[in-house]
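The block underneath contains the structure these notes are about, expressed in structure tokens.
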Amino acid sequence: MATKKKVLLKVIILGDSGVGKTSLMNQYVNKKFSNQYKATIGADFLTKELMVDDRVVTMQIWDTAGQERFQSLGVAFYRGADCCVLCYDVNVAKTFENLDSWRDEFLIQAGPRDPDNFPFVVLGNKIDLENQRVVSQKRAASWCQSKGNIPYFETSAKEAINVEQAFQTIARNAIKLEDGLVFPIPTNIQVIPEPQPAKSGCC
């Protein structure tokens, strides 16, 4: 069986500053977590190679700054994305309420070909602080359903809960978009010869 070509996927993680975007990315790629918070300046990315079904996938994960003053950087980073991850902190209501504006911002800046079917994944992070939770799982799931059944995971970058599973889903959804943009070459092409001019001859 012929090996399928390698796939490069661009994934953008969006959300308010402090929700754990960098920590989720580091936990998934490097299996590391740091309690020291350092705000991302502009944008940064890590890559990870993984197998999805029978193909090798290289995922380029972009972690963008949550501060408003960096949102003007959006167009350059959002364009060409194959999946957008919307991240919030289950213990801070405002970070969940801002998901709408992050989603809208992405669709405006990235300008995907088919915005209604563009793959998003929502991550409710910091579930290790369960006693501080203010956004219920039901409320988040309801929001995701209202936006076209966006896949939803509750995660903990600190405890590595659901991080691997979430990024597997992110990769699968991104591949679906990539596959949809590949236009198959029809096999039933007919070549019609050009008509030859009639030869003049003696009667």
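Glycine too: its Cβ is placed from the backbone N, Cα and C atoms.
Since we're looking at a predicted model, the values are computed, not measured.
Features as listed in Swiss-Prot:
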- 15-22, 34-40, 63-67, 125-128, 157-158: GTP binding site (BINDING)
- C202: S-geranylgeranyl cysteine (LIPID)
- C203: S-geranylgeranyl cysteine (LIPID)
- 37-45: motif 'Effector region' (MOTIF)
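Everything Swiss-Prot records as a feature, shown here on the structure.
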residue	record	DSSP (3 states)
G15	GTP binding site	coil
T64	GTP binding site	strand
N125	GTP binding site	strand
A157	GTP binding site	coil
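Here the binding-site residues are T64, N125, and the one ringed by the most other CB atoms within 10 angstroms is N125. Neighbours of G15 (GTP binding site), defined as other CB atoms within 10 A of its CB across all chains, total 25.
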